[in-house]
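What TrEMBL says about this protein:
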type: BINDING; residues: GLY10, PRO11, THR12, GLY13, VAL14, GLY15, LYS16, SER17; note: ATP binding site
type: BINDING; residues: THR12, GLY13, VAL14, GLY15, LYS16, SER17; note: substrate binding site
type: REGION; residues: 35-38; note: region 'Interaction with substrate tRNA'
type: SITE; residues: THR101; note: site 'Interaction with substrate tRNA'
type: SITE; residues: ARG122; note: site 'Interaction with substrate tRNA'
Amino acid sequence: MKIQGLVVLGPTGVGKSEVGLFLAKHLDGEIINFDSVQFYKELNIGTAKPTEEEKKEVPHHLYDVLDLEEEFNAARFVDLADKVIAEILTRRKLPILVGGTGLYLRALEYGLFSVEIPEDIRKEVQKKAEQNLEELYEELKKVDPEYAHKISRRDKVRITRAMEVFYATGKPFSSFHKENPFFHKKRYNFLKIGLLLPRKELYQRINQRVLKMIEAGWIEEVKRLLERGFGPYLKVFRAIGYGYLIKYLEGEISLDEAIALIQRDTRRYAKRQITWFKKEPDVVWFSPEEKEKILNWVKERLLWKA
């Protein structure tokens with residue numbers, strides 16, 4: 001199958017945007033976002049979006065496409081990304097996907113698992129999750145211990161989804177993975193570039209980046225959103241950092257505490273991303289400092305683009 005694009009993946013803070021932009025400029029490419037929080041308008045500083053200057057250098061797609069109240073999921077991402085990839089290829093440009101939401105990438109590349117959930121079951125499970133997530137997780141352990149042990153007991157999204165599938169089909173969620181592991185035949189042939197740094201260096205970068213975001217006006221960004229009536233209830237405020245800055249603005253914690261918690265949670269998120277991407281097939285790993293090496297590696301495999 002002909003190569004249909006590049007993917008630049010890796011943990012938060014590793015330098016994906018910089019490498020993606022470098023490759024796009026040298027390979028006549030256009031960048032497509034697959035970072036779940038960067039789809040949203042108005043969440044700018046805290047999500048480390050590309051700057052307006054960077055967006056002017058090469059076309060960027062799927063940034064700032066959602067209002068804050070909009071729900072988003074892997075299925076909708078696949079629908080949007082399919083259209084953008086087709087348009088870019090029609091222009092004889094190179095699609096370059098840049099991001100860190102592994103589920104979205106896998107859904108795009110391999111297709112989506114689909115079970116129709118009746119509305120009454122969806123409402124019942126959602127209600128149980130809201131009332132007592134711990135109890136719902138214990139139920140999941142009984143009906144699908146294999147899947148339950150793979151996820152956190154606090155992972156509301158995955159617990160809810162697994163129980164919806166069980167109630168709707170009578171079969172454990174894990175059995176669908178065995179029958180049709182994620183989930184259909186390959187839809188795209190991507191060259192996948194993984195970026196990684198030694199853990200100590202990555203964590204130092206993350207800590208420094210959080211401080212730079214604060215200096216760049218992250219607190220003011222959150223304050224403006226609250227003043228416009230957007231409350232902590234918004235799902236997008238679950239993105240790392242926003243909740244702690246709201247607590248700081250409401251006087252519940254100090255700024256130093258908020259910063260330390262944001263740094264800690266970002267490091268933990270980076271660790272989870274690395275674990276996910278290490279299981280991703282066909283990824284070739286580089287340091288983000290090796291931009292020329294990455295470019296040459298890509299050119300060798302994209303002779304039609306060299």
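The count begins at 1 with the first shown residue.
Cβ atoms are placed via backbone N, Cα and C, with glycine included.
Features per TrEMBL, on structure.
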residue	record	DSSP class
GLY10	ATP binding site	coil
GLY15	ATP binding site	coil
THR101	site 'Interaction with substrate tRNA'	coil
ARG122	site 'Interaction with substrate tRNA'	helix
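As a summary of secondary structure, the region 'Interaction with substrate tRNA' (35-38) carries 3 helix, 0 strand, 1 coil according to DSSP. Proximity to THR101 (site 'Interaction with substrate tRNA'), judged by a C-alpha distance within 10 Å, picks out GLY10, PRO11 from the binding-site residues GLY10, PRO11, LYS16. For the pair formed by LYS16 (ATP binding site) and ARG122 (site 'Interaction with substrate tRNA'), distance between Cα atoms is given as 37 Å, rounded to the nearest Å. The most densely surrounded of the binding-site residues PRO11, GLY13, GLY15, judged by C-beta neighbours within 10 angstroms, is PRO11.
With a cut-off of 8 Å between CB atoms and residues at least 6 apart in sequence, the same chain places LYS16, GLY100, GLY194, LEU195, LEU196, GLN273, ILE274, PHE277, PRO288 near GLY10 (ATP binding site), listed in sequence order.
Long-range Cβ contacts of VAL14 (ATP binding site) within its own chain (separation 6+, distance under 8 Å): LEU195, LEU196, LEU197, LEU202, ARG205, ALA270, PRO288. It is 32 Å from the Cα atom of THR12 (ATP binding site) to that of ARG122 (site 'Interaction with substrate tRNA').
Annotation for ARG122 (site 'Interaction with substrate tRNA'): same-chain Cβ neighbours under 8 Å, separated by at least 6 residues, are GLU164. Listed in sequence order, ALA48, PRO50, GLU54, VAL98 are the same-chain residues at least 6 apart in sequence whose CB falls under 8 Å from the CB of SER17 (ATP binding site).
Taking the centre of the Cβ atoms of GLY10, PRO11, THR12, GLY13, VAL14, GLY15, LYS16, SER17 as the ATP site, the nearby residues of that chain (Cβ within 8 Å, site residues left out) are GLY100, LEU195, ALA270, PRO288. Other residues of the chain with a Cβ within 8 Å of the Cβ centroid of THR12, GLY13, VAL14, GLY15, LYS16, SER17, the substrate site, are GLY10, PRO11, GLU18, ALA48, GLY100, LEU195, PRO288. All protein chains shown were included, and the count of other CB atoms within 10 Å of the CB of THR101 (site 'Interaction with substrate tRNA') stands at 20.
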